[in-house]
């Protein structure tokens, strides 16, 4: 089965000899070790849905001047990152299909060069997407805990510097990753970055949830409305679970795959896990589809602007 998704260079461990990989494969012969055959049409469909969704988010934010604030600029950058994930996936899939069917004829050296460029684009979009998820969490934290000082802390100039720094760092890190992808040190840095973002989001969102729950408890005790307190706490808990759950489910398997490449490249069970790499890529693309629903479409003003954009298109 050919892998038509990006990041194929991380699909299998390079730090295991060919013989060891073969022995590992023979060692565990269960059907579940044969991986999951995901049709190219699914990659294409999810990529198109994500592309349209995030393109609409960007168009709505650019159209409405009321949305020209650091918060929505960060959401716009997240949408651009997710859009690049989709574009990279679609570009690489179409590129390989044209090569396989003989429509496009190129020298092997040029094919490798084009593949590296596309892989660099997808790596950059992955790193920037994770970064902006963390920045949005910090921005929301400042909004809640430093509401009166928010506009002096998160100025437009600081927001622009933050966005430019993330895009620059993402480009540099993706270049280093593609160049030295066989280095365990590089992979450990990428894994550490993911764990840092996971812990950051956990701490910030749980702290925000605890504050909201405390405020609800104070209001309900003053007005003697325990039912409203329980309902608000439940809603907040559900929102927190969805937000962090989606992040962990969509990104966790891919980074666990990288951890196994570093720690147990020849273990039979790790080898079985490697065979599901395409599934992990599908989950990342699914995250690009879900992000607008969590971070953008919950805004009433953005939804209204989105309806205007759609009506103009039609």
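Yeah, the Cβs are placed from backbone N, Cα and C, and that goes for glycine too.
Range with TrEMBL annotation transmembrane segment, chosen from 7-28, 117-138, is 117-138. Taking residue pairs at least 6 apart in sequence, the transmembrane segment (273-297) and the transmembrane segment (159-179) share fewer than three C-beta contacts under 8 angstroms. Outside the transmembrane segment (42-62) by six or more residues, the chain places 4-5, 68, 72-73, 75-76, 79-80, 82-83, 85-87, 89-90, 93, 281-282, 285-286, 288-289, 291-292, 296-297, 302, 305-306, 309-310 with a CB less than 8 A from a CB of the stretch.
If one looks beyond the transmembrane segment (117-138) by at least 6 residues along the same chain, the residues whose Cβ comes under 8 Å of a Cβ in the stretch are 6-9, 71, 74-75, 77-78, 81-82, 84-85, 87-89, 91-92, 95, 162, 166-167, 169-171, 173-175, 177-178, 193-194, 197, 200-201, 204-205, 247, 251, 284, 287-288, 291, 295.
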